[in-house]
Amino acid sequence: TWQVLAIYMFLAANLSEQQALKQACPSCDASQLCNCSSMGLDFIPLGFPAKITVLNLAYNRIKHIQSQDLQQAVNLRTLLLQSNKISSIDDDSFQSLAKLELLDLSNNSLAHLSPLWFRHLFSLQHLCLQGNSYRDLGQSSPFSSLRNLSSLHLGNPQFSVIRQGNFEGIELLHKLWIDGSNLSQYEPGSLKSIKAINHMIINIRNSNIFSEIVRDTLHSVTWLEVTEIKLPVETKSLVQNSTGPFRIQKLTFKEAFFTDQTLSRAIVLFKEISSLKVLEAINCVLDGKGRWNTKEIARSRESFVETVTIIKAMIQNFHLFFDLKGMESQITKLKRLTIASSNVFMVPCNLAKNFLSLLYLDFHDNLLVNNRLNETICKGSWPSLQTLNLSQNSLKSLEQTAEHTSRLPNLNNLDISQNNFGEIPDACEWPKHLKYLNLSSTQIPKVTKCIPLTLEVLDVSGNNLKEFGLQLSFLKELYLTRNQLKTLPGAAPIPNLVALSVRRNKLNGFSKEEYVCDSPLAVRGAQVGAVHLSLMECHRSLMVSLICVLVFLVILLLVAVGYKYHLVWYLRMTWAWLQAKQKPKRAPPKDVCYDAFVSYSENDSDWVENTMVRELEQACPPFRLCLHKRDFVPGKWIVDNIIDSIEKSRKTLFVLSEHFVQSEWCKYELDFSHFRLFDENNDAAILILLEPIQSNAIPKRFCKLRKIMNTKTYLEWPAGEEQQQMFWENLKGALKS
């Protein structure tokens, strides 16, 4: 029918727009993901299909987001616009994105934030606004409509002011990240409107603001992470008039600067936060020698901190650091301590004896040596310790290391890997209850009875072992990776073994009498030497894998062919055509909204929109025309839009030209040439010939078009102005008939 013709011609008219989109975003085709990143785009291309859920426009040169740019992307879940040059956004640019969950506008040129941008983003969970040029968040909250927001990243080097009310509307956040390196003004209470924040990261240098933020977040933040701060000598209480219970449990400092004085005062103040359990310092600098005010610290209340982690601490002249005498009473309740990559070479015995509750101690990547280990692990030290990590130090004697650790009565987990022992004695003294021992990458050439018999897990990977013949009755896991083994260890000496790792060795055999089969089920439990399986039985999983791979490749091939030849598009078009055939040819008079639906090539849009539309819609009486750019419903499938528009129009205008018949759209219609595109007795279709078309210029597959042009009158656009007036009269008469 003529309705189907309109569908096809309209699709042709839109192909130039689709081709432009395809050139801008080659990956945006038959997929729910459009990757348009790093394409040098100066604007957001039009024509994104409604079905896309992920749109990546990052790393382009986009400067402005306009109202219509994303109007049709109604199913979008992720929109990435970071690292452009965006300086302005129309207020209703995101109006149709009610399903959007992630919006990234970071690293652009936004000088202000408007709440109007986000007012329709009811589903938004993740918002990234860092790296722009705004100095504040405005007088009110730009986030008042974002009730489902989970993570917020904001701030920049110019960001300097946070006001009360800036975070109104946000109740719960999983993560809040603020780049406030030059934050100079913080109104107390600004963050109190957020009831709960799991993890807050703030880059801040103003020490006074740090104290205000801690006071405001005592009841909301679970983990507070502060970077680049130079810790102040705070005289006021961090708690002041606040009452518990507090929420903050973990406090992390990264790239911070401390002095002996500021650190002493901080220890006293942190004790006031009864909920604080974990303290971390990563890549921090201490300008001091450990001359802390131990008397003030001892007079203050009991510490509630159970875990302390210090990684890559830089202490100038660390070898002159004091022994922290007077701090003994402050460490008795500590349960976990990590001091890694920080040039630790010893712990004074008196201090070590007061870690009464410590269960976990990690000293990896330091400067511990054997002659200092005698002081660090002296008799009576670390009485409750269960796990000790001394890996990546400078220990040279395995015998002395074993002897020193044997002083730890409750130790069951010991990691001394990546120390250069080189030799292993025939016998060693170890902790009586040791169950896990890591000796990997220690350059030992063999294993001897120095290995404790109590072990359940042993790791000797990365050494020079050529054999393993120890009898370890309790061993459950054995790691022998990266050695020189030629045969598997015997099974009888390790009867309870559950896991064995022997990757990257030189294995060429094993004892078939000692090992039993685990699979297939039919031979499980039988000795390997007594079982003879066919090639198919031995490689059944491989055969299944190959079949699965072949099936997958066939499916992949079918998908690729369908994608290349747009089979899904054809199926949807066929379904739409069949539905159109089921509908009445004419809509009831009350449903007719337009005098004509206009189908034209995008290349002829200038004549249609600026000449024909002006002439007809400004006539007396005016004609109502339906144009796809103006009158289609955003988000609705294009074919449904076409069918509905034709049914609501009295006539259909087809604007034919060389642009249309020579366009690349013809290949899409090849499989539809058997449909009856024209009803020669139907006068609802009006043909306008915009320019002369040679009959041999029309593709042969459009034989019906050539036939109807030879048998039915059409209007031809004249070159002269006098004839043009007659053309308009004839066209208006045809529309009225």
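Positions of Cβ are set from backbone N, Cα and C atoms, glycine also.
Just so you know, TrEMBL annotations are computer predictions that nobody has curated.
Taken from TrEMBL, the feature disulfide bond covers C28-C34 (among others). Of all Cβ atoms in the protein chains displayed, 22 besides its own lie within 10 Å of the Cβ of C28 (disulfide bond).
Marked as disulfide bond by TrEMBL: C349-C378 (among others). Within the same chain, the residues at least 6 positions away from C349 (disulfide bond) whose Cβ sits under 8 Å from its Cβ are E375, T376, C378, S381, listed in sequence order.
For C450 (disulfide bond), the same-chain residues 6+ apart in sequence whose C-beta sits under 8 angstroms from its C-beta are L398, E399, A402, I424, P425, D426, A427, C428. Residues or ranges marked as disulfide bond in TrEMBL: C428-C450 (among others).
Per TrEMBL, domain 'TIR' is recorded for 592-735.
The signal peptide annotation in TrEMBL covers 1-20.
As annotated by TrEMBL, transmembrane segment applies to 542-563.
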Q) Any idea which of the disulfide-bonded residues C34, C378 has the thinnest Cβ neighbourhood at 10 Å? A) C378
(Q) Applying a 10 Å Cβ distance cut-off over all chains shown, what neighbour count does C428 (disulfide bond) have? (A) 19
